[in-house]
Amino acid sequence: MNLIKLIHALPKTELHLHIEGSLEPAMMWNLASKHGVSLPYDSIADIEAAYQFEDLQSFLDLYYQGADVLRDEDDFYQLMMAYLTRCHDDNVVHAEIMFDPQTHTSRGVGFDVFMPGFERAIQDAKQKWGISVYLIMSFLRHLSEKDAIDTLNQARAYYPMIKAVGLDSSELGNPPEKFVKVFAAARALGFKCVAHAGEEGPPEYIWQALDLLHVDRIDHGVRCVEDASLMQRLKDEGMPLTVCPQSNIKLCVFDHMKDHNILSLLDDDLCVTVNADDPSYFGGYLNDNYRALMTHLSMNESQLVKLVKNSFVASFLPTDEKNHWLRKIDALAAQ
Ligand SMILES: Nc1ncnc2[nH]cnc12
Ligand SMILES: [Zn+2]
């Protein structure tokens with residue numbers, strides 16, 4: 001099978017996806033008109049044209065502004081359903097999806113609005129296509145730890161729907177050490193833990209995520225290359241990195257895809273995975289990211305298969321399900 005076909009044919013997981021970052025300009029436009037929200041744009045094309053970023057913060061400013069059109073339960077249903085439809089199109093069989101409660105609760109939109117919307121879409125996608133979903137509740141690191149603890153408490157009625165907690169938003173100046181207590185509380189409640197670290201922040205933030213937050217995965221982590229002993233630690237522990245190639249280019253973490261380090265990390269035996277992060281803002285869903293590695297980094301078939309297998313190994317799926325998918329991948333790759 002040629003590589004393009006194999007990218008599509010392989011069953012995949014996506015482990016680093018912000019549901020608010022999958023809000024397409026057309027949906028933003030329609031929801032703004034539904035709710036009478038005024039947007040600083042004159043057309044859908046105008047929204048698309050605004051998506052030029054120089055760093056993480058310049059993106060986050062538009063991302064939080066865009067999320068303001070999400071107001072009622074059906075908006076969150078539509079948002080989740082649109083993303084899961086894309087999963088079906090891309091042959092993503094399992095997704096671990098981040099949501100940012102504070103982006104909504106700070107506007108008076110509560111857990112009782114967004115969680116039922118998400119749940120209805122997740123059940124529909126499971127019934128229609130057999131896609132499985134775990135939710136990751138992410139704390140906004142530019143806000144206080146107390147705000148994160150309040151959020152963890154507000155989520156109580158929805159704990160059965162949530163698999164893990166995460167940490168996102170403005171990285172520089174908001175190190176993982178700021179969130180030690182809330183992560184300890186989340187772990188004690190039985191949640192898995194992930195954190196964005198080493199996207200714009202230094203290797204020290206990755207060490208902190210490992211040693212102070214005791215995370216199960218690092219989101220991004222691409223700046224680990226600046227610290228040889230950190231690289232060794234990540235390799236020894238098989239610590240997964242959920243890397244987002246197109247995001248890193250759009251946010252100027254690397255100048256060009258040909259400069260991206262994902263395949264060299266893979267060849268160094270780190271457990272790296274491919275993900276879309278915020279696909280509607282960064283110009284591509286999961287398979288677009290894999291295709292970009294083929295086009296610009298000459299990804300070969302064995303690298304593709306390893307990346308896709310890593311996406312299952314790094315997931316929070318039970319071992320028997322992981323093994324089921326790993327066997328399927330081997331069988332498809334052997335064809
Ligand atoms: N790439 C990213 N980094 C940090 N916070 C985010 N929130 C949404 N996307 C993000
Ligand atoms: Zn992210």
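Think of each number as a place in line: the chain as shown, counted from 1.
Every residue gets a Cβ built from N, Cα and C, even glycine.
Listed by TrEMBL as binding Zn(2+) are His16, His18, Asp277; the candidate from His104, His142, His196 that the record includes in that site is His196. If you compare Cα positions, Asp278 (substrate binding site) sits closest to His18 out of the recorded positions His16, His18, Glu199. Contact annotation for recorded positions (His220, Asp277, Asp278) versus ligand 2: Asp277, each with CB under 6 Å from a ligand atom.
For the recorded positions listed here (His16, His220), the lowest count of other CB atoms within 10 A around the CB belongs to His220. Sequence-distant contacts (6 or more apart, same chain, Cβ under 8 Å) of His196 (Zn(2+) binding site) comprise Arg141, Gly166, Leu167, Asp168, Glu171, Asp219, His220. Across the structure, Glu199 (active site, proton donor) and Asp277 (Zn(2+) binding site) are spaced 12 Å apart at their Cα atoms. The number of other CB atoms found within 10 A of the CB of Asp277 (Zn(2+) binding site), across every protein chain shown, is 30. Over the domain 'Adenosine deaminase' (11-331), the average per-residue pLDDT in this prediction is 98.
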